[in-house]
Amino acid sequence: MQEILNIAAYKFVAIDDSPVLREDLRERAQALGLMGTILLAPEGINLFLAGLPDAVRSFVAGLRADVRFADLETKESWSAAQPFRRMLVKLKREIIRMDHPAIQPAAGRAPGVDAPTLKRWLDQGHDDEGREIALLDTRNDFEVDEGSFDGAIDWRITKFTEFPPALKAHRADFAGKTVVSFCTGGIRCEKAAILMREEGIENVLQLEGGILKYFEEVGGAHYHGDCFVFDGRRALAPDLSARAADASARAAEDVGLSSGLKK
């Protein structure tokens with residue numbers, strides 16, 4: 001029986017009270033018996049939490065009571081057991097490290113494409129303007145190895161800070177194409193899409209909600225394998241079930257993705 005509700009969410013929004021907010025969120029999460037990781041930075045919030053459904057939803061409702069997070073969108077999945085080992089709330093320079101301070105998603109984001117539209121484009125082999133689709137995987141190499149979109153571009157980066165120089169080396173590859181950046185839940189592809197537009201690449205979109213939202217809305221069409229996740233479930237299938245529910249992969253201790261977690 002799938003009793004544990006897992007949520008992933010992020011929002012780029014200015015936060016100037018991180019130390020106080022950290023204690024508040026930690027106390028509330030612990031009181032509700034939740035486990036997982038919350039990252040706070042001046043640029044926003046990034047969280048992965050799991051617990052009993054009522055407890056998770058109570059926490060999210062409390063978070064949305066803060067005007068900064070009123071429109072926070074969550075992605076849900078279920079598991080038979082708690083995939084995290086403890087509850088962590090961390091303060092970071094960035095909620096997803098890129099080491100590119102000029103990229104400020106809270107000040108404006110690149111346009112997005114939703115899952116049904118992307119599936120339709122992939123079905124027909126081009127976007128609505130007739131341009132070829134270039135799917136760009138912005139995740140780390142070991143995540144890509146678990147599964148990705150068919151024909152997606154994979155630069156074999158080992159951490160997200162390698163994305164900017166990789167982009168400079170390959171920017172000419174995107175001429176005349178519609179580029180769709182994607183990642184697990186949307187956070188990395190949001191920064192990646194902004195950087196590509198600032199580098200002068202035209203027709204750049206980000207996959208809204210990432211792979212997990214795509215799975216939720218259209219399943220595994222044009223996708224092979226599973227989606228790596230940074231918790232004890234290891235990976236999620238296109239039906240959002242855990243492929244390795246009993247795997248011994250460690251629970252996420254730093255979803256900043258800079259720890260070099262290996263399979």
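Note: Cβ is positioned from N, Cα and C throughout, glycine not excepted.
Positions annotated as domain 'Rhodanese' by Swiss-Prot, on the basis of sequence analysis: 129-223.
According to DSSP, CYS183 (active site, cysteine persulfide intermediate) sits in a coil region rather than a helix or strand. Per Swiss-Prot, the feature active site, cysteine persulfide intermediate maps to CYS183.
With DSSP states grouped into helix (H, G, I), strand (E, B) and coil, the domain 'Rhodanese' (129-223) comes out at 40 helix, 20 strand, 35 coil.
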